[in-house]
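Annotated in TrEMBL:
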DNA_BIND  A:32-51  DNA-binding region
DOMAIN    A:81-271  domain 'BPL/LPL catalytic'
BINDING   A:SER104, A:THR105, A:ASN106, A:GLN128, A:ARG132, A:GLY133, A:ARG134, A:LYS198  biotin binding site
Amino acid sequence: MAETAPFWSESERVRNAIVDMLLAAEDGYVSGQAMSESLGITRTAVWKHLQHLMELGFAIEAVHGQGYRLRGHPDILMAPLLRRRLPSACRLGQDAVWVPRVDSTNALAWRCAREGAPHGLVVSAGEQTGGRGRHGRSWFSPQGGLWMSVLLRRPIPLSRAAEVTLLASVAVRRAIGETTGLWPGIKWPNDIVHHGRKLCGILAEIRADGEVVEQVVLGIGINANIPADAFPPELRRTATSVLAETGTPVDRLALAAALLAAFDPWLEALADDRPAFAELAEEWRAANVTLGRWVRVATPTRLLVGVAERVDDRGVLYIRTESGKVCAVHSGDVLF
Amino acid sequence: MLKIDDIRDLIRLLDESSLTELRIETEDMKLCLKKALTAPVTPPAAAAAAVAPPPAAAASFLPSPEAAAAPAADPAPPAGPAGPAPVQEANIHTITSPMVGTFYRAPSPDAPPYVDVGSRVTEKTVVCIVEAMKLMNEIEAECRGEIIEVLAENGQLVEYGQPLFRVRLG
């Protein structure tokens, strides 16, 4: 299916096939002739694609008379690399588009969706030039981060759609924890934070037909391997990265694969109108850094001050204000 | 405490029934659902015949004063069962909110609104965003015509089924 998807350019398709052949050979050699015949292109064309792959960071050894051997690959979410990290039952991430640079992975994912891209497509980029957060805010997304968007095409009831982003926050937290040993907190509704500074932001955009979601583009931006000093001064108090906190770069392919594998079955539950978030709400609450605290919540119309009393099984936050009134919050920024 | 899904079911039941009003009171909440009153159908001779609108129900929570623990809607209970709904004219479509959330007229605070009074829309025109928990739902017009009224304020919390825009079809 991926091989004919129109959202892949012909050269991407060929390069993915070359990487697949090199990976399949494991430590062995693949001859230029074999690649040329299998792909239906000239040996010169094969060589050009190999050069391009080397520019992307693939270490390819050429031995005269033997062919080409893969000695290493970059830590990017190219389809053949990501697919090998995923459990075969995981529907998310079996197709992937990676680009060195894009305005916004969410915007590119929508373009792919319009061209008929399948459920589970992962769109990622080395850097985003117009990364965006909630309500048009910009999102700092330089080289080193994990900037990805997942296209979901499942008939999720609109009444459960907000659970998608909450579940994504649980999946991201688990993935970071399992991959790095750093177990961050979750700030309502779905920010991943460590000591009050943001490690990851999640933003979903949906298109619904009546009361059923047709498509979701789930944007996940993880400050993975951004050096602490690469953050602009105005962000240093509010943002941090996995690298800055642990001192070790994280394997982004492993991180992405872990979060996709965790998230996949929860999404299927939502599509069956099963209460997926309720099942994980305890884990979400245990990791939550908002509950029980005196907070200020900037809602679009006013500032609420009070105690973050509880979050229900649909993710709605309840704030008890000084007057004793309890207000339900569906959207807003929690400030401490 | 009723869940949104329960209320949705009640709205459907009310729509399908011959009742015009439904009130439920429990210890910690009051719910009042009223159906829009059907306009008298004028004889089909009149060209611009007023037609009976499809039955619509308006929902509202009325937090009862004795139950402070009842979560109140934010920021305020929506304009509730405020009398009979206005009689709908022929060829007018009302775009309603498919979910509870915050209503945004523009993609960002400094961007122009998606649509305004006088804007022409087609089925796929995005007219607004309703956001809940960083899930942005782009609402499409799902009809063809001209926006004649904007019924919600930017940044306001909107309820399921709440009217957002009126569109003159054509």
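Glycine is no exception: its Cβ is also placed from the backbone N, Cα and C atoms.
Note that this is a predicted model, so its numbers are computed, not measured.
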Next item on the list: Taking chain B as the partner, extract the binding-site residues from A:SER104, A:THR105, A:ASN106, A:GLN128, A:ARG134, A:LYS198 whose Cβ is under 8 Å from a partner Cβ; order them by sequence and answer 'none' if none remain.
Entry: A:ARG134
Checklist line | Cβ atoms near A:THR105 (biotin binding site) (within 10 Å, other residues, all chains) | finding: 27
Item checked: Helix, strand and coil counts within the DNA-binding region (A:32-51) (DSSP) -> 17 helix, 0 strand, 3 coil
Notebook entry, point to check: Of these binding-site residues, A:ARG132, A:ARG134, which scores lowest on Cβ atoms within 10 Å?
Noted result: A:ARG134
Next item on the list: Output, ordered by sequence, the same-chain residues six or more apart from A:LYS198 (biotin binding site) with a CB under 8 Å from its CB, or 'none'.
Entry: A:ASP191, A:ILE192, A:ASN223, A:THR238, A:ALA239, A:THR240
Note to self: Using Cβ atoms only, which residues of the same chain lie under 8 Å from A:GLY133 (biotin binding site) while being at least 6 residues apart in sequence?
What the structure shows: A:TRP139, A:GLY201, A:LEU203
Next item on the list: Would you count the other CB atoms within 10 A of the CB of A:ASN106 (biotin binding site), including those on all shown protein chains?
Entry: 27
Notebook entry, point to check: Tell me, how many other CB atoms lie within 10 A of the CB of A:GLN128 (biotin binding site), whichever protein chain they belong to?
Noted result: 26
Notebook entry, point to check: Counting across all protein chains shown, how many other Cβ atoms sit within 10 Å of the Cβ of A:SER104 (biotin binding site)?
Noted result: 24
Checklist line | Model confidence over the domain 'BPL/LPL catalytic' (A:81-271) (mean pLDDT, whole number) | finding: 95
